[in-house]
Amino acid sequence: MVKREINVCQQTWALLCKNLLRKKRLKRDTFLEFLYTALILLSLILFLQLHEVYDFSSLPDVDLGRIDSFNDSTFMIVYTPITPTTQRIMDRVSLVSYMTGRKILASPNEENMTELISMRFSDVVGVIFTNAYSYNLKFIKGARIPTIKEHQDHTAHCHSYGEIIYCGLSEFWRDGFVALQAAINAAIIEVTTNHSVMEEMMSLTGKYIKIDSFVGQEGTTTDCFLFFCIIRFSPLTYYISAGVTRERKKMKGLMAVMGLRDSAFWLSWGLLYGVIVFVVTLLSTTIVKLVQFVFLTGFMVIFSLFFFYGLSLISLSFLMSVLLKKSFLTDLVVFLLTVSCGSLGFTALYRYLPVSLEWLLSLLSPFAFMLGMVQLLRLDYDVNSNADPMGNPNEVIGTIFMLFFDGVFYLLLTFYFEKVLPSKSFHDKTYWHACKSHFFLIDYSFYIRTALDNETDYEFSDDSFEPVSMEFHGKEAIRIRNLTKDYIQKSKRTEALKDLTLDVYKGQITAILGHSGAGKSTLLNVLSGLCVPTKGWVTIHNNKLSEMTDLENISKLTGVCPQCNVQFDFLTVRENLRLFAKIKGIQAHEVDNEVQRVLLELDMKNTQNILVQNLSGGQKRKLTFGIAILGDPQIFLLDEPTAGLDPFSRHRVWNFLKERRADRVVLFSTQFMDEADILADRKVFISKGKLKCAGSSLFLKKKWGIGYHLSLQLSETCVHERITSLVKQHIPDSKLSAESEGKLSYILPLERTNKFPDLYRDLERSPDLGIENYGVSITTLTEVFLKLEGKSSIDQSDIGMTEDVQAGGARSPERFAEVEQLVSLLNGRCKMKGGMALWWQQLCAVTRLRFLKLKHERKSIVILILVLGIGLLHILSANIYRMVRQSDYCWELAPHMYFLTPGQQPQPPLTNLLIVNKTGAKIDDFIHSLEQQNIALEVDAFGTRNGTEDSQYNGAIILSGDEKNYNFTLACNTKRLNCFPVLVDIVSNGLLGLFAPSAHIQTDRSTFPEENDHRKFDYLAYFFLWVLLMACVPPYISMTSIDDYKNRAQFQLWISGLSPSAYWFGQALFEVPVYCALILSIFIAFYASAPPESKFTVGDLFIQILYVGGYAMSVIFMTYVISFIYRKGRKNSGLWSLCFYIVSFFSMCFMLIDYFRDISLFVLIALVPPATLGGCTLLHFENREFSEIIFEPEREYSYLFFLAPLLHFAIFVVILRCMERKFGMKTMRTDPVFRISPRSDRVFNNPEDPDGEDEDVSQERVWTANALTSADFQEKPAIIASCLRKEYKGKKKCFVLKSKKKIATRNISFCVRKGEVVGLLGHNGAGKSTSIKMITGETKPSAGQVLLKGSSTGDTPGFLGYCPQENALWLNLTVREHLEIFAAIKGMRKSDANVAIERLADALKLQDQLKSPVKTLSEGVKRKLCFVLSILGNPSVVLLDEPSTGMDPEGQQQMWQAIQATFSNTERGALLTTHYMAEAEAVCDRVAIMVSGRLRCIGSIQHLKSKFGKEYLLEMKVKTPSQVEPLNTEIMRLFPQAARQERYSSLMVYKLPREDVQPLSQAFFKLETVKQSFDLEEYSLSQSTLEQVFLELSKEQELDGFEEELDPSVKWKLLPQEEA
């Protein structure tokens, strides 16, 4: 065992290197990640280029002059209502000097005023009186008053234009607002009090209070820039969230079992993205400083703010990846949190929140970052330009600390929830668990201590358990007691394990067997630490699985091979092994040696530099096993370690485990009973979570086996009844198990072995019976399993007590007869559709298929909803904007806007009102009048202040003159936009209070509704965005054919008889209406919301429907053409969407350029299909506009361009048809629309002579040649493969040298007769897959020909039945939907299809799964579905490629029975390929074995066993160890060439050469004598299995010259595909 020491630094470095390689090799994701980041940075630069920043220097006070200096003759006044008081007031206003010559009109009401203004005048001021003291000054929007309500803290309130200084509040003074306000206020005072103050009001003087230096930002671009700052790291958080979530879900638990520390996992991701964040922050800070978005704050402060924000988002992504299990949901939540919390920070920008709440919300890092940015802007706005260039960053430093705190806080929450959430549903983990001292320890000991105290040695008293040999007592390595595991899903409790008790011994290989869902994987997961038991306890080498410290020891001792493959696809084989070696704690200097050892052990040297994603499924499985054996562990926990491996690789794994059995513990699960039989010393059967039995193969076969299988190969002259009579004569309770042409099989009871010598002697001495050869084999573990499962379904409590179940077995003849009857009912020829009726049915089936797929395509639906939502949102926002623009508003002008009330605490930005008395007299009466207005005053009674030098005040009133005649100077802080109108009201009310203390004047400002004069501009702006949106949609809804091609569903449809035109038009029949509906829905929404004057007519709608429909068809079929061309690459819907967008964008730009409009418009409509929507819409809009102005006859010809999309559609249909004919897959039927007929490929002679062939292969070649030339169609086989050869072009190693050809098959000839199932077997690379592809038509043969159903041209079948190795299914469709669609494709009528579906579902027990989506099905049920699809419609030729892979034995039996029932005694033939020899033995009438591209042998299974089987297997079980040596001496005397195999002492195993055993009668006679002499418990003698024959023949592939012509990688991967 290699020394292992867990090292966090080593693990972190290994994982970091893995992440770096991930970035390097997943180039597309890395490119997009950095592209999006770069685009956001470019957006920052763009906004800053458009952004205006004002660095305003300090300025002393500015005198605006007297109020009566206003002089403007361009406006008029309209007032309402008309009352004597309002008339007197306005008459007095008309006498003011600057009102001379101005019109003042009276209006009875506001509606009349608005109408009057809209009809006659453009520059009007409205005066609306509420009462004698309250009125509203109403202006046209944007005229004479500012358009905003108030300055914001960060916006510029003054601008410098050379020597001219302009401040926003001066607009009130300069354009007449305060002049008119002062005149009206003076008139109100005079009318209501009979005291004139007109002179005082007209002498008002305005001044700016001293303007401090400031840096001001400008408006919307600031908000946009801040928003982009918030989402600057979103591309990084998206990819880190997705990567971490996927890796945690798939790999982290498995790596933790190997010893991975949590800190190493998070550090590896954090360090990588920390560096990326550092670089992005550096660039962002540089941009901010270069463009001077922030002036006064130093580089490091800004850098720190951005950097800690980025790190906090990384921590937030980690936290969300723990809380949420799906990567899509994690990405979405992180992005929404970033946007929402960051946008909430705008409340800090506009001071909507109290400071305390701002700091509380800073626990959300996006808000804290936004608060920091706001603080930077405020520093620029408030701090003098000559101050320290670092500013006053105390608040910013506090925010940076909060961001640092947020990052640490999120990390702590990540660690906390990672410990709590996975264990929350088990025992004592609670949310206050973090308060305990053992927070980071997994503690399950509360339920173990009692069990340990009461522990006793467990004895199996049931006779279902074979007693353990004495030599293993005290070698208990794994002890399991009362183990229970419950799963809770949707409030439903499922017991995976139920009180399971078991010991696993050192020095033994133990197999866990059981049906799917029995609990095998759950048990192994509990033992490996991947999940926690509900109750019970486990010790491994005296280490308690419940203790954290013991778990670490266990991880060092254990090698785990889980059911799913463990590897990173973007790493090579060698890199994966190095990574996991370091995770396991193998010392750095030993890693390379250990990796080399594993590569050699598993024969993976040729694949060590291949990326895992390019490996076959079997090679990936082998790599997972290699990772498990890294470090030479003492305990192997293997969950189906050889699933998917070819026989050679499987035997290599078996030999590896056998060689290391002595000092180690091997516990594995498997679905292959033969594997358990050959490899395991002890087999443990689990059913529904309970332990059923355990023992050696011999024990189990004797107790539950059905006996020996006697197989006889017969000549044509044999008489079946005579042979059966002879067998019954010797063994009356024997049973005939199988009968077919040339073959008989019997079951002989185990307890009748004493009768075997006489039976075999009579068989050997009776040549007249027509027996060519015979063989005998012991019952298989599969039969034991089926009998156990049959018993467990009857009685869960007791196995071994019901004799009738043992006799009947789990798979009774009645069940087979039932399956045969159900399937045979389908063999009658149902009437199939043809011609256009079939084409239309296929079209409808594909349309339905496309609808069902879109229903579950989340991304496409999101895109459609998003596009529709954006379009409708744009229309809604345009209407809201129009409504706002056309609506009026009214803003109050009151002192509380800027000034405190008496006794109020200081509250920025409110201040006291400064009163400066420069009259030299007391002004107590005026002061008292001001105090009546509830204003906090600060009075300079002696006039010592200037009043305009202190910018801390919002406003000041400076009184001069004498006590009888005041002169007022109004000084305003330029930051307060409405200061002048407010101070005018304060002065007016001060004067009014002298005469009428209870009265109060109130002035408001408002605007008139704006006229709707932007209709055309609105339409064009909407239209531009709408066209660009629509251009992005087709790639997302019309490129699913790429998915169909890559998962081979398209090939499955083609081989099922689908016409190419029906496939494409069927998809279009659904997609075109969806796309049209999307376009027209936005059109209709626009029309519905448009103003009455812009409503379109029915004729307009007709024209738009015409060109929209044509555009949809043309662009959808253009997308089909693109999909066909790029079907072998990635789908890249987003990239093609971007291309469509760019083409549409530039096309629109050319169309909208006035100079080129007429030329570009017509050219682009005619030549650029994506531009036709925009072009036709713009053309239609222009035709409509021109028709309203002037009639131009030549414009009538422009309507012909609306037919351009239909022309494009026809062109793309023709292109698609030509591509299908030239480059498409071979069709099975004549396409009535595309006019494509099944191709008849040219036949080339095979250049290679078949020298040195086996005689059976030569005979098959002759028979095939005769069948090929036979004129009797009825006698022709279902499949004829004659002289097939396939060559592939190899890659050039040098541009000078010619590339070597790779020969996949050389000269293959065989046929499949009607009613026959032929098995095609071979090692990986032998040529099986290529042969299948040539038969299906997927690959053209280089020489030779294939005939199906008797003819290669005129009478080809309309479709083939094909069950591919990979499940060519749509994951979101249900089983019934699959069956209905394929039935329609094959031409079955609906009534016939429903009957067939029900019967096939009954035959294969699929009734419960008919409504289940495929993605929820087990692998075994998926294989059943693929098989049913292959035989649906009664095809005459069926190809089955490993049909029972992934099934448990029960499912395999169902499948095999269905295959036998489907083809037995019918006119159909089947070709089956498999790696599972038991499957071939169960269903094949004949077997052909391929070696190195050649047919090595062919014949019945018994014939091949007799011809090529070299050995028999003898197993004997002794009662006492003392018998071993004498018995061994006797066996060696009787069988001199016997080879003893390694087993534990009570079980003796020998391999006997065939010549030592023949004749069988003598062999059994000798063994019966031995049994009596040595009092053996039991023995068995069995012929070589087909697997052993296959292995012997396949070894020739390594010895011949086949590899000389092939690249070394051919040994590890399937033969090259033609399309590659």
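Counting begins at 1 with the first residue displayed.
Cβ atoms are placed via backbone N, Cα and C, with glycine included.
Pulled from Swiss-Prot:
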{"type": "BINDING", "residues": "Gly514, His515, Ser516, Gly517, Ala518, Gly519, Lys520, Ser521", "note": "ATP 1 binding site"}
{"type": "BINDING", "residues": "Gly1322, His1323, Asn1324, Gly1325, Ala1326, Gly1327, Lys1328, Ser1329", "note": "ATP 2 binding site"}
{"type": "DOMAIN", "residues": "478-713", "note": "domain 'ABC transporter 1'"}
{"type": "DOMAIN", "residues": "1284-1517", "note": "domain 'ABC transporter 2'"}
{"type": "CARBOHYD", "residues": "Asn454", "note": "N-linked glycosylation site"}
{"type": "CARBOHYD", "residues": "Asn482", "note": "N-linked glycosylation site"}
{"type": "CARBOHYD", "residues": "Asn967", "note": "N-linked glycosylation site"}
{"type": "TRANSMEM", "residues": "30-50", "note": "transmembrane segment"}
{"type": "TRANSMEM", "residues": "224-244", "note": "transmembrane segment"}
{"type": "TRANSMEM", "residues": "263-283", "note": "transmembrane segment"}
{"type": "TRANSMEM", "residues": "294-314", "note": "transmembrane segment"}
{"type": "TRANSMEM", "residues": "328-348", "note": "transmembrane segment"}
{"type": "TRANSMEM", "residues": "357-377", "note": "transmembrane segment"}
{"type": "TRANSMEM", "residues": "861-881", "note": "transmembrane segment"}
{"type": "TRANSMEM", "residues": "1019-1039", "note": "transmembrane segment"}
{"type": "TRANSMEM", "residues": "1068-1088", "note": "transmembrane segment"}
{"type": "TRANSMEM", "residues": "1105-1125", "note": "transmembrane segment"}
{"type": "TRANSMEM", "residues": "1133-1153", "note": "transmembrane segment"}
{"type": "TRANSMEM", "residues": "1159-1179", "note": "transmembrane segment"}
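Location within the structure of each feature annotated in Swiss-Prot.
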residue : record                      : DSSP class
Asn482  : N-linked glycosylation site : strand
Gly514  : ATP 1 binding site          : coil
Asn967  : N-linked glycosylation site : strand
Gly1322 : ATP 2 binding site          : strand
Ser1329 : ATP 2 binding site          : helix
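When the Cα atoms are compared, Asn967 (N-linked glycosylation site) and Gly514 (ATP 1 binding site) turn out to be 105 Å apart. Spacing of Gly514 (ATP 1 binding site) relative to Asn482 (N-linked glycosylation site) is 19 Å (Cα to Cα, whole number).
Apart from the site residues Gly514, His515, Ser516, Gly517, Ala518, Gly519, Lys520, Ser521, the chain places the Cβ of Thr522, Ile686, Asp1448 no farther than 8 Å from the centroid of the site's Cβ atoms, the recorded ATP 1 location. Using a 10 Å Cα-Cα cut-off around Gly1322 (ATP 2 binding site), the recorded positions Asn482, His515, Gly517, Ala518, Lys520, Ser521 reduce to an empty set.
Ranked by CA distance from Gly517 (ATP 1 binding site), the recorded positions Asn482, His1323, Gly1325, Ala1326, Ser1329 have Asn482 at the top as the closest.
Counting C-beta pairs under 8 angstroms (sequence separation of 6 or more), the transmembrane segment (294-314) reaches the transmembrane segment (357-377) with 3 or more such pairs. Looking at Gly1325 (ATP 2 binding site) and Ala518 (ATP 1 binding site), their Cα atoms lie 35 Å from each other. Of the candidate ranges 30-50, 224-244, 328-348, 861-881, 1159-1179, 861-881 contributes the most Cβ pairs within a distance under 8 Å of the transmembrane segment (1068-1088). The separation of Asn482 (N-linked glycosylation site) from Gly519 (ATP 1 binding site), Cα to Cα, is 14 Å. Cβ neighbour count for Lys1328 (ATP 2 binding site): 27 (other Cβ atoms within 10 Å of its Cβ, all protein chains included). Reported as a whole number, the C-alpha separation between Asn482 (N-linked glycosylation site) and Ser1329 (ATP 2 binding site) equals 48 Å. Note on the domain 'ABC transporter 1' (478-713): mean pLDDT across this stretch is 87.
Among the stretches 263-283, 328-348, 861-881, 1105-1125, the one making the largest number of Cβ pairs under 8 Å with the transmembrane segment (357-377) is 328-348. Among 224-244, 861-881, 1159-1179, 224-244 has the largest number of CB pairs under 8 A with the transmembrane segment (263-283). Spacing of Lys1328 (ATP 2 binding site) relative to Ser516 (ATP 1 binding site) is 29 Å (Cα to Cα, whole number). Outside the transmembrane segment (224-244), and at least 6 residues removed from its termini, the chain residues within Cβ reach (under 8 Å) are 19, 22, 29, 32-34, 36-37, 40-41, 43-44, 47-48, 51, 269, 273, 276-277, 280, 284, 293, 306, 309-310, 313-314, 316-318, 320-321, 327, 330-331, 334-335, 338-339, 342-343, 345-346, 349, 366, 369-370, 373. For the pair formed by Ser521 (ATP 1 binding site) and Ser1329 (ATP 2 binding site), distance between Cα atoms is given as 31 Å, rounded to the nearest Å.
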